[in-house]
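According to TrEMBL, the features are:
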- LYS84: active site, proton donor/acceptor (ACT_SITE)
- GLY184, VAL185, GLY186, ASN187, VAL188, ALA189: NAD(+) binding site (BINDING)
Amino acid sequence: MNNNLEIFSYMEKYDYEQLVFCQDKNSGLKAIIAIHDTTLGPALGGTRMWTYDSEADAIEDALRLAKGMTYKNAAAGLNLGGGKTVIIGDPKKDKSPELFRAFGRYIQGLNGRYITAEDVGTTVQDMDLIHMETDFVTGISPEFGSSGNPSPVTAYGVYKGMKAAAKEAFGTDSLEGKTVAVQGVGNVAYTMCEYLHKEGANLIVTDINKEAVNRAVEAFGAKAVDPDDIYNVDCDIYAPCALGATVNDETIPQLKAKVIAGSANNQLKSAKHGDTIHEMGIVYAPDYVINSGGVINVADELNGYNKDRAMRKVETIYDSLLKVFEISKRDNVPTYVAADRMAEERIESIRNSRSQFLLNGHHTLSRRK
Ligand SMILES: NC(=O)c1ccc[n+]([C@@H]2O[C@H](COP(=O)([O-])OP(=O)(O)OC[C@H]3O[C@@H](n4cnc5c(N)ncnc54)[C@H](O)[C@@H]3O)[C@@H](O)[C@H]2O)c1
Ligand SMILES: CC(C)C[C@H](N)C(=O)O
């Protein structure tokens, strides 16, 4: 999309269903809810709070992230569609109970077409405020019978997914003695490092936040490097766990890793970068498959949260990735294309199985009473 905001043509191109603008003067709420596809079920996706350079950037982010959730939820085998919200604002300064409650009322107005949860810049406490106005929110506090913060579960899924990628690249899924370069040791990556350390992996870490680095150095004996140096360190696995688009023209020539497996969303700057790393023989674990543990966990709340059941489902990320690698080899396509095929095939098969007429209260026969 460009700054001319050709919204409808963009929505048509990628087949978006709905874009909702939410404004509340009293609380300062400015939010955009994007619903991409609800073939599989209601759209579930987190709420990101971020300071955007322009409104166009915020709309584009909401749209891009919502489509990612359609693919993530489909690939994870969830009966959920894809959506996402961005709230324009600084999470350190602009939060208030009024803002999240106003936002909750907008979600309620969508009557279940969209269900939210945490994303970058929002917390369990924010979800609890939203919950005061709507039930269409997950990742709320455990005292409400909920699953709480999804990050540790995302971390477990990334760890399992990294093992699957290691199996593909090295012939064994053991990470003992492997060196993992971790970019960003925040909520997800810290717990991921715990699993890796326990298995005997060597860790190289970086973060723009010095405290986060020090914590990892102290707890796991990790080696610290400067943020710009993480790409060219000697390692087996590069784990992007901070921002998106870090696999790009500048970073790819520096990479020594044989595997890319981390939690960040939208790791490839563009599709061509997925093609390049494929040609180089790097095993890339597609981001939305490996980082789906959080959404799998919060989705479990919709059936009455059961932690064991959720964790068992998160473990299937290992097999999903093996399937992606198999499709990649079978069809001779990069793994990001293979993952898209896996997700699209599932959406299409459900769409087709739903073409049959079903009696409900909203069709023409209901007028005959
Ligand atoms: N939290 C979840 O459950 C979840 C689920 C799916 C995907 N993700 C994705 O995983 C990533 C990490 O999520 P999180 O919840 O751990 O976030 P977080 O904010 O807790 O951690 C990110 C860390 O990256 C650091 N960072 C930012 N820019 C950096 C840079 N240029 N170089 C090095 N470090 C940098 C930050 O200082 C922070 O410590 C995000 O991309 C998020 O979208 C998270
Ligand atoms: C529903 C949330 C747990 C989603 C999470 N923020 C993600 O990007 O997968």
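Cβ atoms are placed via backbone N, Cα and C, with glycine included.
Feature map: TrEMBL annotations on the structure.
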| residue | record | Cβ neighbours (10 Å) |
| --- | --- | --- |
| LYS84 | active site, proton donor/acceptor | 30 |
| GLY184 | NAD(+) binding site | 26 |
| VAL185 | NAD(+) binding site | 30 |
| GLY186 | NAD(+) binding site | 15 |
| ASN187 | NAD(+) binding site | 21 |
| VAL188 | NAD(+) binding site | 27 |
| ALA189 | NAD(+) binding site | 29 |
- [ ] Give the distance between the Cα atoms of GLY186 (NAD(+) binding site) and LYS84 (active site, proton donor/acceptor), rounded to the nearest whole Å.
- [x] 21
- [ ] Compute the centroid of the Cβ atoms of GLY184, VAL185, GLY186, ASN187, VAL188, ALA189, then list the same-chain residues not in that set whose Cβ lies within 8 Å of it, in sequence order, for the NAD(+) site.
- [x] SER151, VAL182, TYR190, MET192, ASP207, ALA212, CYS241, ALA242, SER263
Task: recorded positions close to ligand 1 - of LYS84, GLY184, GLY186, ASN187, VAL188, only those whose C-beta is under 6 Å away - done: GLY184, GLY186, ASN187, VAL188
Task: Pairwise CA distance, ALA189 (NAD(+) binding site) versus LYS84 (active site, proton donor/acceptor), rounded so that it is a whole Å - done: 22
Task: Pairwise CA distance, ASN187 (NAD(+) binding site) versus the residue listed as 'active site, proton donor/acceptor', rounded so that it is a whole Å - done: 20
TODO: Using DSSP with the three-state reduction, classify GLY184 (NAD(+) binding site) as helix, strand or coil.
DONE: coil
Task: Secondary structure at LYS84 (active site, proton donor/acceptor), reduced by DSSP to three states - done: strand
